[in-house]
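S.K.: Sharing a structure with you now.
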Amino acid sequence: MAQYKGTMREAGRAMHLIKKREKQKEQMEVLKQRIAEETIMKSKVDKKFSAHYDAVEAELKSSTVGLVTLNDMKAKQEALLREREMQLAKKEQLEERRLQLELLREKERRLERKRKISNLSFTVDDGDGDDHCDDRGDDRNEGCMTEASKSKKNLGKNPDVDTSFLPDRDREEAENRLREELRKEWEAKREKVKSEEMEITFSYWDGSGHRRTVRMNKGSTVQQFLKKALQGLRKDFRELRSAGVEQLMYIKEDLILPHYHTFYDFIIAKARGKSGPLFNFDVHDDVRLLSDATMEKDESHAGKVVLRSWYEKNKHIFPASRWEPYDPEKKWDKYTIR
């Protein structure tokens, strides 16, 4: 590489431009890494809901051998769900700590770079002043020392500089307290919504419909709903007197809903089925005066309670031929009711 032969001023300007470009490259690399991490986190959040229950179901199948009572099955399922939720919570905490450590390291590197630059600029001036004072007499040296001490006292924090990016223990504690308060407030609202009662209209389907209604909390699971519905149906239908909850299926909008899902899950996610919404469990027709082809009809159909044995015999016949298992990742167009 050819040596630069210009003036000192031009050489300094060239060095300044080189450093500026290097700094811009570092900032671009940090920004790219941050965008990639955010993209990975978003993809994990989208797949978390379905992957969580798939892993629990797979582990439940692998750990269950032979005939098991319903109570043992429920206890094992609840234990696996709690263990899976604890593992996911630990993973999220570790990921947050790792991101915080990376941010702190990046801030420390910036501060160290600024400190080095400031030390270099001030050490040169201080050295020149000391040499200049050494050349004078004793009386003048004392004057130089007092002037140097005054100039050092004048050097301090600039109140106009933004220090919000620096670590601040009080600010971090206040943010943590606010975060904890918001978390508790959100959990209280969620529990309040889960404890609200709603009326569920369903139809026991054995080839023809037999409509019934029950009242359940929004936080109840599909299994709890089927248990309560079975208690009311046993006295009217002989085939249900010896049946258990595990032998029943709940079909809503042509989708077979798993027993471990809660009604709150469908309500909060605004889930949709093949023929209507999964978050309305009553029955009503679209009563709008003006029809619009671009807007979906606001209709909710009664869910069907079916014996699993009946479904296995008639799944090739309509309407059972339309039914399929619920998949949270599968989207049935966009919901457009206003």
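Cβ coordinates come from backbone N, Cα and C, glycine included.
Note that the coordinates shown come from a computational prediction; the quantities given were computed from them, not determined experimentally.
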S.K.: Which residue range, 14-41, 182-209, 294-321, is the one TrEMBL calls coiled coil?
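M.R.: From TrEMBL, the annotated coiled coil range turns out to be 14-41.
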S.K.: What are the helix, strand and coil residue counts for the domain 'FAM50A/XAP5 C-terminal' (196-336) according to DSSP?
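M.R.: For that range the per-state counts are 35 helix, 39 strand, 67 coil.
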